[in-house]
Structure formats: C-alpha cells, structure tokens
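Structure, as structure tokens:
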Amino acid sequence: MPKAAPAPAGAGPKAACRKPDMPLGGGGESLSLMPMVNAAPHVDLLGADIVRNFALAPNQKKLLTNPSFAALNKPLQGPVPVGQVNLEQKFNNHKCGNVETLKMSSFNFDKEYLTFHNFGYASNPARDTRGNETLTSTEAEKPEYGKTIWDKALKRRRLSAEDAEDSWAVPRGDEMVKPEGSAEWGGFVDEGTVRKQMDAEVKMREEEVARQREEEKAVEGEERETKERITSVFHGSKETDYAGRSWIENKVQVPKDVDDKQCFLPKKWIHTWQGHTMGVQQIRFFPNTAHLLLSAGMDSKIMIWDYHNQRKCLRTYLGHDQAVRDINFTSDGSKFYSVSYDKNIQYWDTETGQVIATFTNKKTPFCVAVHPNPSQQNIIICGCSNKKAVQWDANSQTIVQEYDEHLGAVNTVTFCEQGKRILTSADDKKIFLWEYGIPVVVKHIAEPTMHSIPAMVVGGPNKERPYVIGQSMDNKIVCYEAFGKFKLVGKKQWKGHLNAGYAITPGFSTDGKWVMSGDIDGKIWFWDFQKQKNYRVLKAHDGVCMSCLWHPHSTSRVVTCGWDGAIKLWD
C-alpha cells in the first residue's frame, strides 16, 4: 500500500486529514474532512524524569522497596479530574499552594526578624524545597548580606555627670570620649562600670520587692478591715427585754385558725416604713409568725422592721457594696441569705447581724431560693447571669451542682413538691423543670408566643395542688400547675396592669382566693383567682411597685414596696 505524502508546511490540520490520492488544488473530487478526537485524558507528567519505574499511592503507609528521596517527594501523576489544573490542587490548603507549619524558636525568629529589618535580608525557611537561601526585603536599597545583628555596635547610654567620673567614657558635647587609662574589651565597659550597673540593678530589684510587700500588706489590711468593720447596726435601746427574751422573738400570740378564715381586699393605707434612701427591691415576712419584715434596698442596705407595736427599724445590715437584688429567710428565721449586684452571696445571722459566710462565683446573682426541707437550710440555689442556676452549700461555701441548660440569665428559681423538683425561668423565654440535684431538664416549657418571666410565686386555693404564677413581660400574669406535669392553665390569665421591663413580684392571698401585683405606675392590682376579674386598684407608690405580700395572719392586710423607697401597709 503506498504511503501518504507528508502535508506541505502551513497546510494545517485539514490537509493532514485528506485522502492520500487527493490533489491539493481545486477541481476534481471534493475534500472530505475528518475531525480530530483525542480520547485519552490529560496526564500530569510534572516530575516524570524522576519516576524511574517507582509508583506509590498517596494513602500507602508501607514501603516494600527502597526508593530514593526524590522519588518519595515527586509530584502526583495520573489523569487530572475535570476542573483541576493538576493533581496537587485538592491537597492544597491555601490558594497559592500548600502552607505547612514551621517550628521555630522565639530566639531564632527574633534574630531573623531583626536581621531582615536592619540589613534587608533573612534566611529562607523553605530553602530546602525551593532552593533559595535568603529572602530579600523590597524596601532595602542594598541588602547587606553576611552581616548579623551581633556585628552591629550597641548603642551606649549617655552617663550622667556623677556616673561619668568613674566610667570608661565621658560626655564631651554630643560625643562619648574614652579617657586615658580606661580599658575596653569586645565593645563592653570595664569591670568597675559593670559592677556599678549590677549594684544598681540589685538595688532596683530590692526596691521593687519592698514595694510589692507593702502593697500586699495594704491589701491584707483592707481585707482585715472589711472583716472587722461593722456589718450591722441595732437601732433599739437593748437587744433583750426585761425577761431576757431576744428582740427577734415574737411577743404577740399567733392565731391558729387563720387558714380557715376568708381574706378581704384592703381599702386604705395605714402606715409607711421609711428608712431606705433608694428604691426597695424585695420584702419578706419572718417565717410562721410574720412579726418582722425584712427589706432589701437598692442603697445596698438590708433592714428589718417591727410589724407590730411601734413599727420601727430594729436592725440595719451593711454587708453589701451595691444594690441588693433578693433576700430569703431560712425555715426558722434565725438566718437569711442575700444576693447583690456586687456579685456576692451573704449568709447572715438575723439576731446578731454578723455575716456567717460570704461566697461568690464572680457572676451576678438575680435570685436566691432556700431548700424547703428544715434539715437542708444550708442548701440554696441562685440564678446567675452566666445562664446557670448554681446550687451552693453555705456551710462549706462550695458549689454542689450547676443547672446549665438555659440560654439566658436565670431570673427565678422555685422549689416545688416539697423540694423534689425545681422550676427555673430565664431571659431565653423558657421555663425548665428539673429533678433536685440532677442537672437534666425533665420538661421544657417553651412556646413561640411566650415572653420571659422574671418573677414566679407558688400558691393557690388548694395547698395540696398548688399553682405557680409568673409575671410575663407581655403585661399579664400566667399560670402553671405546680405539681404533676406542670401544665399551662391557659384559661387563667390576669391582665390590665403594665409590667413590661420590670421584675415585679406577684402574690397570693393567704386563702388563695386573690391574686395581686404591682405595676410600673405604682399601683397595686387585685384579681379574683377563679374568675380572673379585676376587683380593685390602689395607687400605692410614686415609682414602680416592685413587690407585695399578704400578711399570713391578718386576713385583709397587705404590705407593698416600691422604687420610691417606701414600704406601705394596707388594710
């Protein structure tokens, strides 16, 4: 078969595809062009000269031969996937290539850094792979290769007139001139000057140590003074009466059949307790007898008042540095807890006014709840700004447990079912139910229409099947069952007042028939628990009415507090 003649130069690929016996010129039989098709994919042959019949998969971990170093470091070879330039592209961790971590000591880094900025060059960390020994600064006009920072003369300090007499150089005008007879070795001063400088450094260090000791003594003195300072002031003439009874004991007979009595709405204002210089945040009655009233003020003071007799302030507690957020008595009233915006939790002796313990987790506590079991009055749970409800042991001043499922600051902690369960609410607009001592949420209460609930109270007509009411931030009070499945009682909502933006504590009457709450206008509102109907509104305070308490033994008396600094009694 005759061979085809080679295509003339410049004839192009179409000429190469003609029939062997077809003439190049026009006329005769027409040309039949065939397209060129290359079915083989593009193969990356970078570094093919060092393959030398050796191939190794990238994921292979065992070597059965003894390859050379060049073969081990050769580029990957094979068909290149569509959309990639080469096989190395998918292994790159940077748009310019593969960036690897280089371990370098701080000494070598500082040396190369100073050499680069002083002499215009530095050693190349990747010189083994790239072949470049140095990196040159683009700002340097003429890099001084070979010089290091050790060759650069050190700048000598100008000496004062007193130190220049015995030194190796003396100032003359703007220059340092070496006097006759002075010795210099290696660019350093003589032995006498070195000794003098060392003595000056030793003296400086001794002065620094002495200053630190004085500061430590000052801090210890402040702490000692804080511990020894007066933590309370008794305002009465004597702490005991003629019979030797303490001022904290109740001298009034407590009625026994108060639970069977019906409560009535108060009509008039009969007394005001004045003493706080700023707003009053919370009030609590003395347990069981309610003959004393404890108040927490934003002036960092806690005051206890006499409910009967002359109704004066009996003792002021001065342990906090900032506004007091919440207070709570123990079951017998002999001690109480307080939390403040100074991030401290304090454990007080009610009678003596001494601080038994002070502890903190460096977070702002917003509430404090004492365990209802009389044998566990040292256990408290505080809702904090770090999205946790923290359980403390006041005896050891340690954290026992942390309930940390909330996504916002915890505002309330409520014990339910004789302390077996805990109900918490937070700024994340959720209510969580916990088993006591177990930091696992038993029930999540969260709805898209819910608002945050910064205050909750347990009560109701039936003591065995109580309810918990919460001050919702959409100007209403919501109700949940405080037993069983803790279901929402949707039909029971009390509206009409304005409370948005304030943690106003609602309240129940002693018989559970009435629900009451303050509002931002200083009014006190009263609703029927069953009918959810408002029956009375009283103008109580000039500022926000923050809390209200129904006296447990006087069926028609209510105590309110507000940000006007007043505590008022209504009957």
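Yeah, the Cβs are placed from backbone N, Cα and C, and that goes for glycine too.
Annotated in TrEMBL:
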type	residues	note
COMPBIAS	1-15	compositional bias 'Low complexity'
REGION	1-23	region 'Disordered'
REGION	207-228	region 'Disordered'
REPEAT	273-315	repeat 'WD'
REPEAT	317-358	repeat 'WD'
REPEAT	403-435	repeat 'WD'
REPEAT	508-537	repeat 'WD'
REPEAT	538-571	repeat 'WD'
Close approaches to the repeat 'WD' (403-435) from elsewhere in its chain (Cβ under 8 angstroms; 6 or more beyond its ends): 366-369, 371-373, 376, 381-391, 441-446, 450-458, 466, 468, 470, 480, 482-483, 486, 503
Contact set, same chain, for the repeat 'WD' (317-358): CB under 8 Å, 6 or more residues outside the stretch: 230-234, 239, 246-248, 278, 281-282, 284, 286-289, 292, 294-304, 364-370, 372, 374, 377, 380, 382, 392, 394, 397
Reported mean pLDDT - the repeat 'WD' (538-571): 94
Tally of residues which DSSP labels helix, strand or coil - the repeat 'WD' (273-315): 0 helix, 22 strand, 21 coil
